Each structure stands twice: as structure tokens, then as C-alpha cells.
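Pulled from TrEMBL:
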- K66, K90, S344: substrate binding site (BINDING)
- K102: active site, proton donor (ACT_SITE)
- D142: site 'Important for catalysis' (SITE)
- T185, N216: NAD(+) binding site (BINDING)
Amino acid sequence: MNALAGTSRNFRLASRLLGLDSKLEKSLLIPFREIKVECTIPKDDGTLVSYVGFRIQHDNARGPMKGGIRYHPEVDPDEVNALAQLMTWKTAVADIPYGGAKGGIGCSPRDLSKSELERLTRVFTQKIHDLIGIHTDVPAPDMGTNAQTMAWILDEYSKFHGHSPAVVTGKPIDLGGSLGREAATGRGVVYATEALLAEYWKAVKGLTFIIQGFGNVGSWVARLIHERGGKVIAVSDVTGAVKNQNGIDIPQLLKHKEATGSLTGFSGGDSLDPSELLVHECDVLVQCALGGVLNRENAAHVKAKFIIEAANHPSDPEADEILSKKGVIILPDIYANAGGVTVSYFEWVQNIQGFMWDEDKVNKELKRYMTQAFHNIKTMCQTHHCNLRMGAFTLGVNRVARATLLRGWEA
């Protein structure tokens with residue numbers, strides 16, 4: 001089941017629980033606007049090459065649309081559609097005043113020089129500049145893009161519209177980026193985990209954690225759990241996996257990865273087959289890698305009591321059912337990884353005010369938003385007698401539906 005089918009299925013289940021009108025349900029699923037543009041640039045050797053860029057703007061009932069721009073060779077319109085839709089529900093769950101969008105360019109960023117990437121980004125921005133904007137659609141980095149990409153978009157957009165730092169988030173600090181943005185998704189995952197564990201009278205300290213994925217999000221989650229006295233007993237990424245039953249020394253592992261670019265050969269633990277990682281004994285499994293890693297083949301063997309979905313769509317619906325029957329508590333992606341977009345919202349707010357916050361304020365506000373969202377989800381779970389995933393979806397869908405009706409969608 002692909003990402004779009006999975007998201008649409010969850011949306012439909014939520015809309016049944018909420019008793020939404022079928023016409024409204026259909027209207028909420030259809031994207032507001034889909035943009036497809038040709039981007040032709042001269043390569044460094046003088047030859048011309050064309051790429052297809054696109055942006056799907058899903059919904060703007062609650063505010064400007066928000067979502068990442070990815071540079072990846074297999075940019076599949078269906079997946080982008082799913083991710084744009086997911087952003088609509090995610091921003092509503094976090095209660096930030098945005099709708100969802102997603103976009104990208106079908107290219108291999110590794111095969112392009114820095115100047116080629118800059119030309120491509122600027123041409124893409126020229127083609128969509130009148131369809132994005134501070135109060136229309138605010139892009140952010142995603143796979144294959146970073147703060148530098150956002151700086152180029154900001155510069156190109158500003159040539160048409162005057163200095164507009166709030167048009168993108170995830171910018172370099174020197175151009176109006178927010179402090180705390182780098183760690184935001186990982187920090188949000190930890191705040192979400194703490195809120196969940198508190199429901200069961202538990203805390204991070206003393207529990208065992210396994211972290212799948214050790215990129216930006218995974219490494220921050222590991223660092224923050226280690227600081228709070230949690231025991232990270234296994235970690236994996238594309239290079240391999242490492243385990244230590246007594247708890248891995250995370251600062252040392254970070255140093256090792258920085259130095260070698262890989263998890264293998266780390267002296268403070270034993271190597272582990274990455275496929276074993278998901279079914280290893282632990283209290284909490286945190287998924288920070290790719291989608292679809294838990295499926296009907298391996299779900300029955302999972303031994304964790306709690307699963308935190310820091311990645312998008314890490315469990316397919318079949319795995320979901322198997323795990324629910326086993327009594328595993330799953331904290332859904334639509335809430336668990338909302339820390340990134342929440343701090344993007346703080347960045348946008350700071351840019352609009354022209355007044356920047358210190359990092360403590362950013363983290364304090366993030367904790368407030370993540371904790372409040374968890375309590376709102378729990379309220380929906382009690383109202384509709386459903387699990388956390390449906391609690392989050394009903395919360396998000398209900399907020400968007402209410403905004404849509406209040407604005408008068410039938411007129």
C-alpha cells in the first residue's frame with residue numbers, strides 16, 4: 001500500500017468517525033492547486049538540460065500552505081500528493097495556522113555541482129514565485145535540499161517582491177533562520193515521547209530505547225534521550241547497526257560517526273544485523289528512517305512496548321493492525337514528528353515580527369505546543385473510542401473541516 005492510499009484511508013476512517021458530509025469529505029481530499037513547471041538550465045559544460053519541478057498545494061482553509069521541497073530523482077506525484085495532504089492534517093494537529101503543501105524537482109542533487117543546483121533553484125523559483133508567498137505558501141527544506149537552497153529561493157523571490165525573509169523557513173541563521181530549528185524535529189519527538197510516557201506513569205530515565213535511523217532526527221533523539229538518562233541500546237542507519245545492552249555512549253558514537261561517516265567499527269558496542277534491530281527487545285522503538293519499514297512480515301516479532309513514528313509512514317496499515325492486537329502503543333507520525341513544522345512556524349512568526357527569539361524560548365514554546373497537542377489527541381481518543389493514530393487524524397481533520405465550513409465552502 002503506497003503512501004497516498006495509506007493517508008487517504010486514514011482520512012476516510014477519521015471522516016467516518018466524525019460523521020462528515022460526503023461532499024465535504026470529497027472536497028477536503030482534492031488538492032487546492034497542482035503546479036508543474038519546466039526548468040531548463042545550462043550545465044557547467046554549456047549543454048542545456050531540462051528538469052520538471054512541481055508544487056502541490058493541498059489546502060489553505062486554516063492559513064498559508066506549508067511544506068518541504070525535495071530534490072530527488074524519483075519524485076512521484078502520488079507520493080507528493082500524500083505528503084501535501086499529510087501536512088494539512090499535521091499542521092492542524094499541532095494547532096499552527098497553516099495548510100499543507102509539498103513539492104520538488106526530479107533530479108539527482110549528487111550529480112549536480114553547487115552552481116548547477118543554484119541555477120536550478122533560481123529557475124524553479126522564477127517559475128513559481130507568484131504562486132508562493134508569506135501568506136500563500138511557505139516552502140521549507142526536505143530530502144536533497146537544505147538551508148542553502150532556502151537562501152537561494154529567498155534571494156530570487158526577493159528580486160520580484162522585495163526583501164521577504166518569511167517566504168521560506170529552514171533558512172541559515174544569518175538570513176533570519178530560527179535558533180533551535182536544526183534540532184527541532186528530534187526535540188519534538190522527545191517531548192512527544194515524554195507526554196506519552198507520562199500517561200503510563202513512566203519517564204525516559206531508566207527505559208531502554210532503540211533508534212532506527214541516525215541522520216538529523218535520529219541523532220538528536222539519541223542525544224536528548226541520553227541526556228535525560230534513557231538507555232539507548234541499539235542504533236542503525238544505512239551504514240549498519242550497533243548495539244550495547246548496557247547503553248551506548250551517544251556522545252562517543254556521534255564523534256565516531258562524524259570522524260568516519262559510518263556507525264560500523266564503533267568500539268563502544270557490537271555490530272548488529274540492521275534487520276534484527278526492529279525486533280530486538282526494548283521498551284521504546286523510535287523510527288527515524290524511511291517509510292514502510294514495519295510490515296506484515298516483521299510486525300508480529302516486534303518486542304517494543306511503545307513505537308514512536310519519527311519518520312513519515314514507517315508502518316504500513318497491516319503492521320498497524322498486527323501491532324494494535326499485540327497491545328503495542330504507537331505514537332503516530334502525524335503528531336510525533338510535528339516539531340519541525342512547529343519551529344518553522346516560530347521562524348515565520350519571528351520573521352514577520354522582525355524580532356528574533358533566543359533558543360530557550362523556542363524550546364519552551366515547542367514543548368508547550370507538543371504537550372498541548374498530545375492532550376488534545378487524548379481527548380479525541382476518549383470521545384471517539386479510538387487509538388492514538390485515529391485520535392490524531394480526527395483532531396486534524398475536524399479542525400480543517402470546521403475552518404472550511406466557517407469560511408462557507410458551498411457559496
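The backbone N, Cα and C atoms fix where each Cβ goes, glycine too.
What TrEMBL says about a protein is an automatic prediction, not a curated fact.
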Beyond K66, K90, S344, what residues of that chain have CB atoms within 8 A of the centre of the substrate site's CB atoms?
G67, M87, T91, A94, I96, Y98, G100, A140, A338, G340, V341, T342, Y345
Cβ-Cβ distance under 8 Å, sequence separation of 6 or more, same chain as D142 (site 'Important for catalysis'); the residues meeting this, in order, are G67, G68, I69, R70, K102, G104
Students should find that the Cα atoms of T185 (NAD(+) binding site) and S344 (substrate binding site) sit apart, in Å rounded to an integer, by 10
Nearest of the binding-site residues (K66, K90, S344) to N216 (NAD(+) binding site) - Cα to Cα
S344
Going by a 10 angstroms cut-off between Cβ atoms, which of the binding-site residues T185, S344 has the sparsest surroundings?
T185
Least Cβ-packed of the recorded positions K66, K90, K102, N216 (other Cβ atoms within 10 Å) is N216
Would you give the longest CA-CA distance, in whole angstrom, between residues of K66, K90, S344, the set recorded as binding substrate?
13
